[in-house]
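> Take this structure first; my questions come after.
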Amino acid sequence: MQWIILAASCLLAVLECMPVAVSTARLADIYWNSSNPMFRIDNTDHIIDVNKGNIPFEYDQVNIICPVYNPGTKEEDVERYIIYNVSKEEYDSCRITNPASRKIALCDKPHQLMYFTITFRSFTPQPGGLEFRPGQDYYFISTSAGGEGQQALEQKIGGRCATHNMKVIFKVCCGPQKSTTRALPSSSTTTTSIAPPTTTLMPEKSTSIYRFYRPTMPPFRPPPPSIYTSKYPPVKSYDFPREEEHGKMPNKKTEDRDKLPNETRAKNEELVKSDANILKLQQNCVTTVALLLLILYQLLSR
């Protein structure tokens, strides 16, 4: 029993480790630095539509690339950021007030190429992964000051979100479409004005209800005669004579059995009954032994 549980656990572990095969469409990479023109206020490049026109089980994918610099670059020219997934209020005010705001990316190694891949799917097999529901908007901002030091990196008010508009909106397509049918207006005046007089509602003598829906009875047919008449002659039944009528002698065994005295016949009946009782007792013994063996097997298997 234990090896069965162990095998099932191993199978579940293998299935959990297998990657989920989904079709993805690559979007343009987002370079998260202050010199990127997509963050300019005079355009809407920071508002990105995703999963638009995709087939089922096809999801868009984007790479957020951290700033990277050559060795020897001055520290005042180096940018470091933490990217958060926030609410719309935090996005508009550039203030992270929710302590449980999720960190999307940590760009704290400016001399290494670092990027973070986001797949916009509604369900993720990874625990704690991002899920993007159709028809909803998701807001990413960075309130870091961009300079050197841990305090500037973990700043949660203002920062480059306020000074350089470093924020992005991902609009996930497509939510449930609203019904375009218009409801017909109802008015009490129209219903009362078009009401016909009561005399017109009286049915006529020959209404369509009786004319079309009255059930039709089948035509009357006389019952068949008690004596069936046919063109063929009736079949005659023949009585076969019994053996006694032909003078056939009875069987010898029957004759001998009838000649037996009453005591011999009673003994034969007792022997037959005793054989039946012995057979029944043997069946009961076999059933009892089988039950005892089953109980013993269950006790030993514990």
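Note: Cβ is positioned from N, Cα and C throughout, glycine not excepted.
Quick caveat, the model's predicted, so the values are computed rather than measured.
Copied straight from TrEMBL:
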SIGNAL    1-17  signal peptide
DOMAIN    25-172  domain 'Ephrin RBD'
REGION    181-200  region 'Disordered'
REGION    223-268  region 'Disordered'
COMPBIAS  239-268  compositional bias 'Basic and acidic residues'
> What is the three-state DSSP composition of the domain 'Ephrin RBD' (25-172), stated as helix, strand and coil residue counts?
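Helix/strand/coil tally for the domain 'Ephrin RBD' (25-172): 20 helix, 46 strand, 82 coil.
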> When the pLDDT values for the domain 'Ephrin RBD' (25-172) are averaged, what is the result?
92
